[in-house]
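Here the structure is laid out as structure tokens; the discussion comes afterwards.
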């Protein structure tokens, strides 16, 4: 790592080892001090020669690194868990680091810096003296095994001293830099919190400005001077707010332009914390003389950094912005060497993308960074802070310099290599990767069970990632985070990533001689693998493991460890970087219904301590606003669990009534304040049992009684008026001979019919056209006989409205009064004229149909009564049975009618097929006037008629009655649910047209923001509706709220949850014990059957003794277990 400011560079800080002390230095590991290492020149020369001979023993550096890696990995099993990086990358990194250590032996100062850098990358590993000695001895043994006699004793001792010194550096670094890491975290937390406070202050400033402007308008003009002064302050403050927004959007240091605004100074963002509303308001009232030349001081690290960069003449943007955006992650992960190395690798790629060939001067960023920190932390800053931040940046700079500027060359080589591959070659490479991977890791075959095309797609994505990481490292990191979280759900172990990467690199290395392409592919794939491994490792929480196992017990045990304040977060969100995954949604998607059911129950359980209530209703719907949609479409069996969790019933009763709280806020109104999609999604299930659930009934009745009923009634008033006018003008006034001849009456009839054509018909056509255009624009269509139709025509009411509009249009075409307008203008309006004679019957037939359709559409008003609506739905449901009966009856009529018409007989009523069918149908419905005795002289005809009566009247009619009875019994069980389903559909349609102001007034009247009482004086949580129900309606034996005593800290888990987990463990142990006993008894029973022949030779006493011994052994086994 970078040089330590506490270490000294003079002779007193040097570990000078002479030839006599080399052996002692080789045996011991000094962890109390870390100084420069100076070995004797002869020893260094021997070590360099031996190292070169060791490297020459292998064809490539990769082979040499693999040999060293294998020796250390195999010879030290206790350290194998520390090797998490893929072997190819780790081996190359190991040989590079060892080579640099040996090469720097002649430069002690640089050697110390490099050793410190290595130690810094291993801060998160538990390095101890025994482990360091084992590692040292393994490396030296590898050198001895390869060089044999070529490794002199002097060189061996030198390597022992070097590797021991590096091991001591690891331990010393971890011990020494703990305080520095603490300083880094604390100082960064302070300066980064200012960013949030500054944002809050800006929002408050805007609110204050708006309030000031409103007060000015209401206040009016008191005096010219006061008005001018106050107006200038308000105007300038508003200008300042606008200027601040513009400066934020520019991306560079706009603070240099933040001067006084002329007549009044711009207000500050607040006091020391930047969030005081009072200070902002006071700043708006400052006079011009106090701050006309003042500059607004930057209060956030980003603003201060840009300010200093401008002052120092470095400029802003480009590569500096990239480091600035990544600095927070670098500081917070300074103790995690793997993560820090990963951040620096990504940062190097991003800098190369924005530098466009220019070499960035990292020292410039260091100067601006330190200057900004000193300005923001004036009281806390001292030499320790200076040392810590210098130390951090020097090491980050060293990590950046290693790869800075190389990614462009790697990108070109990798892109050229993959572009040159033919399809057949790419196929062979993909197949070779799996062959090599399965050969090295047979267990990997259990995770790659997909088809061959899917496996090749996965490897092709690997190739794509290796190129896209250079092209767009920002977007790909987000994509990799999402991909890693999906692998968390798949339960893929991270051990599989390293051998897979090794297989990919080995295959690519054998397919090209371009070393740069191999390095570029290895580097990019290493970054991708580290990102995925970290994502999977961070996302593999105990909750996700329980979800993957679909185990209620595991989930209960896992969530019992959660602090009560974070319990909902554990169940709803696993965050890694910018991506997140929901354990609940993953359980639903993967079909782990038991785990999802347990999560919902836990979220919607009421828990309380003495200070607060914990109820996950808000957390659930804020995190997953589409939870109802997801459950309805993917797991409708979980819907009752969710709805049950939204109900609280009191265990106490008062005067035969019980308090009930329905927490339905999120089922009525969504996060944006609009109507929620709850009823719409519930209607898609079309489950009548769900519709009668108390929560659904409460939501439906609340919307119907409070808002929709009046709106629905008003929307149907025109329909009632239209029907009344239609009846008067078509069926009442024209049919009364006493008044139909009166001119005024005829005029009323004319205007009534004209109203039907001009208003009713036009309205129906406009609504049909509007809905059709809306559906077509949204591509919501369905096909009927191959013809695409708008989706709204799925509704019977829509089809009825369209049919009524068409009939009215035809009636308008055949209207007799319009026909008589030309022929008899004197007596007009009238229907009696020669031109109307030919069309009168057609017009009346169309009127008949229109009247019938109009009355049929009135059935929609049955929704006002649940019972009446249920009856209408029952009638509609049994119509299908009547339809089947009519089909069978028509078949019989045609069969017997055509047969009888063939028969020679004198019976005139059945002379041909139409008359025969009409006669038989009259017999079926008991309207036939003749007697069967007239057919006695024609036995064949009589036989045919009797057979028809037997088939139709006896068989079909009784079968129809049985079917109707069965259907009615089946539908009657759920007819209330069907009726409520019909009402819910009407509510959904009405909510789409409700005025926003009416909706806001309705939501305000529900008072969802006010907490509801549980019992008298016990104020609970908000977001619900409280009612009372009869005490006998539901049996409640105990309070459903889980109350806990003890500490009320949100950082503690629930005490009873821990006890419950212990009980689950005991039950699990008992279950395992019982299974073990059963297996033992079954095994001994099988052994007894095997030795049955030999036991028959002994007496019954022996058998009893044997049986007793078996029982005794089983009992002893149970006791031992």
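Cβ coordinates come from backbone N, Cα and C, glycine included.
Note that this is a predicted model, so its numbers are computed, not measured.
The transmembrane segment annotation in TrEMBL falls on one of the ranges 830-851, 918-939, 940-961, namely 940-961. Looking at 262-281, 282-301, 302-321, the range tied to region 'Disordered' in TrEMBL is 262-281.
Of the given residue ranges 793-811, 964-982, 983-1001, 1002-1020, TrEMBL assigns the label transmembrane segment to 793-811.
Looking only at the domain 'Globin' (44-156), the predicted model's pLDDT averages out at 80.
Counting residues 6+ beyond its ends, the transmembrane segment (713-733) has Cβ neighbours under 8 Å at 739-740, 745, 748-749, 752-753, 755-756, 759-760, 763, 847, 850-851, 854-855, 857-858, 860-861, 990 in the same chain.
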